[in-house]
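Asks: The substrate binding site annotation in Swiss-Prot covers 27, 28, 29, 30, 31, 46, 77, 154, 209, 328 and is backed by sequence analysis. The site 'Transition state stabilizer' annotation in Swiss-Prot covers 77, and the record cites sequence analysis as its basis.
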């Protein structure tokens, strides 16, 4: 495999010295870029884009051509696993993902199997291999999955939800059914992420987008324990390097200590927590990723730079162990030049923190 020309992202995740704070953006390959919209139109639809290795690689690399980002992230979707389980995923205009055959009972859970990463999900592994080849060692490639809880919300609700009534009804009235589903999903995520690592992903991330809708007790039982199982099951060394794992629970700031105790290398932060507080609480155990509000990218350049400076100052001296990112995905109508201001500001303004 090609030697990495820029390994700052991996080094920061392992709390090793870097000369500036590395940065990437969640959803950095996406609709805010006109070139992405053109490639998606060429593919026909979103899943066709995901399933074409050359086009998936093209959109993964597009933001790196515009901005000096320190990592690439696989272009894919968190719903690939439930799709491969046969739930009939489609993306409906104006309403997001919809599953034609949602999980409603124990029989539905019993029916689904653990997808073969080099079978039903081989298109994802082909994309990882293609991206690694096309990156030519410029920056590391991040693989990812949704968390078992977050995947289960879509599978039980039948799509996106605001109130999560169906899955919470299952959680409170038939917890053994939900645990059986979550256990299958955890095994599927372990298999899927390990296959991504073998195919060339140099770090992995688990997105627990909906963990923050749970009570503290339910978060431990229905989300965190399954992410802990995933961390325990992952390949942690490959190609002679540590493969860092980042866990990100949106609205999970109250549970940082418990997340850090899973054995992950880094914890993702959304914008609702002060990074100085997060560092004081868990910075001795894990690296931190985050955590600018994506909406700041609508602001004029001086305001973007001011926010970057504030977050860097919050993390403070001894600045290794911080990967700068947004607190969630970049919004689709952000001007690309504002994303450029953000990335350049992180590099420029972080250098004094890395003497």
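Glycine residues also receive a Cβ, built from the backbone N, Cα and C atoms like all the rest.
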Asks: Return the residues near residue 209 (substrate binding site) by Cβ distance under 8 Å, restricted to its own chain and a separation of at least 6 in sequence.
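Replies: Residues satisfying the criterion: 78, 146, 147, 150, 250.
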Asks: Would you mind pulling the DSSP three-state label for residue 29 (substrate binding site)?
Replies: coil
Asks: Taking every protein chain shown into account, which of the binding-site residues 27, 29, 31, 77 has the largest tally of Cβ atoms within 10 Å of its Cβ?
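Replies: By the 10 Å Cβ neighbour count, 29 comes out on top.
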Asks: Consider each pair of residues in 27, 28, 29, 30, 31, 46, 77, 154, 209, 328, all listed by the record as binding substrate, and report the largest Cα separation in Å as a whole number.
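Replies: This binding site's residues have a maximal Cα-Cα distance of 23 Å.
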